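Beneath this line is the structure, given in structure tokens, with notes to follow.
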């Protein structure tokens, strides 16, 4: 054993045996092995000295001759077959060479079928005679070492060994008994490695990450076993290239937790035909199917070659076929096809484009369908006639070109072109008409104006009014002022004093939330409207009665309010605002002297009929008292307004009435709604405290 270890250190390949080295046997390698018998040298003492001087003399006289050493060049195949190809010339002192009596590969391969066979390999050291072949020396420069093949039994091996040895007995290094043929052992080991590889590395799709679980879809920290630096797991088609050296991964740690990428498939399932076909996104990958089938066949061959199972037991798996797809009855398919052809035949007269369709234009899916039907028809002889008829019907259907991808555009191409041309003509006509209309619009208006002037009707051109923002944003100071007015504190705190009216905190508090407005707020706001008209001439002149005016007229008559206007001529104003209080509801009446109309605004529209007659009687009495003439109401319009904003609760009537008066003072139609009431409440607080209205014309 020490002999083998010393020689193996000089070879880089661990699988080569120690007697296959290409170097000459040195003096250190001459040490006797434990199994080698000691041989006495014939030349000892004076005889040995004489032989030494004689060898030196002969070597000096024969300088032209060269002493050669033959070392065996050995080539090792993948299955460790040992073959002697040839020898090379080298000078050696002892002329002893390493040979072995293994038989060549073809003979040993043929011998693998014998069951009870015993092969004894004897590795000896012997003087070898060199047969010089000039022809081979010129071509290869090598000497051929001829070995006679012997039968495969211990006795034949011993006889061949005795024939080859000379007078001296060869040195037997060691003997090795091989109970099983070498090639069969290698195949059995390779198949065992493949099974180990299948158990350790299940076939997983390449697109699954090693750090994620496809079932839980939760992130899993990678372990050393799942490092991305490791090579990708090879497919089953490349398992035959792996040996025992690269099957096991020694870097793997058993304690490391492995992520469950996919459920492991047992090895026995690899032999099933159903598991060898995998569908990805409903598309069958034929290349993967072939690889799985080839891997399955390779594994079955390995099982048989290893001798673990008999070929008869495995034949049942090979001959097992997949279940046939359940198909509908052929009679039903024929009946449906005939009905479809009848429908298409009846519609062919209405669709002339189908007659001109080439029968060669069909969809690929239909071709594949017909071909699949043909394959099934060939496999099932009992239904061959039915499938032949079905194929004929399908060919007729395909010849019509119903499934053609180009049928639609070609069928409607002419109609599309006609509609496109018609559309282009209409667009061009519309463009010409619009251009002519824009050029002659002024002339036509002038002609109409002249014809109307001849009839006595004048048409005034419309004057574009300036757009006014009726809901402008409040200034920044308004929020602070409103917060101060509506916060807790002394309710008698005075905020403003104008128009002989004092506004305190308790008065401003009526504008918060859904509180009812009191008399001070309404009177003060109406005075702001009058003050704005006095300061700017573009506004109509406004006069406003206080909140007690209408109550006195109704309850006490004209005499109770006669002295209220002794210094004021209400007929000199353009608009007179009359706030109307109906007990628990506020309304607004507007008397427009310039436009001769009396309007009553009620946000609830409860059908009150007493307000308008009372105001008309007041105007008649006031005219007789101040002008000494009767009031002439011819041409006047007295009505209750209906198309006005309506309140949606029972607390905003005071705000509605004030805004009706403000919009009427500008002679504009009110456009606010219930949703604007919170805005108007804050705005009225700011306008009252600042004594200035924000709305303008």
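FYI, residue positions are counted from 1 along the chain as it appears here.
Glycine residues also receive a Cβ, built from the backbone N, Cα and C atoms like all the rest.
Annotation comment: Swiss-Prot describes 1-47 (among others) as region 'Disordered'.
If you look up Swiss-Prot, you'll see 1-14 marked as compositional bias 'Basic and acidic residues'.
Sequence annotations record features per position, and here Swiss-Prot assigns motif 'Nuclear localization signal' to 15-19 (among others) based on sequence analysis.
If you look up Swiss-Prot, you'll see 365-387 (among others) marked as region 'Disordered'.
The annotation motif 'Nuclear localization signal' is assigned in Swiss-Prot to 462-467 (among others).
Annotation source Swiss-Prot lists region 'Protease' at 501-664. Averaged over the region 'Protease' (501-664), the predicted model has a pLDDT of 92.
Residue 585 (active site) carries neither a helix nor a strand DSSP state and counts as coil. Sequence-distant contacts (6 or more apart, same chain, Cβ under 8 Å) of residue 585 (active site) comprise 604, 606, 653. Feature annotation from Swiss-Prot assigns active site to 585 (among others); the stated evidence is similarity to another entry.
Per Swiss-Prot, the feature active site maps to 602 (among others); the stated evidence is similarity to another entry. A coil conformation is recorded for residue 602 (active site) in the three-state DSSP classification, outside any helix or strand.
According to Swiss-Prot, the feature active site maps to 653 (among others), an assignment based on similarity to another entry.
Less than 8 angstroms from the CB of residue 602 (active site) sit 587, 608, 640, 641, each of them six or more residues away in the same chain. Every protein chain shown contributes to the tally, and the Cβ of residue 653 (active site) ends up with 22 other Cβ atoms within 10 Å.
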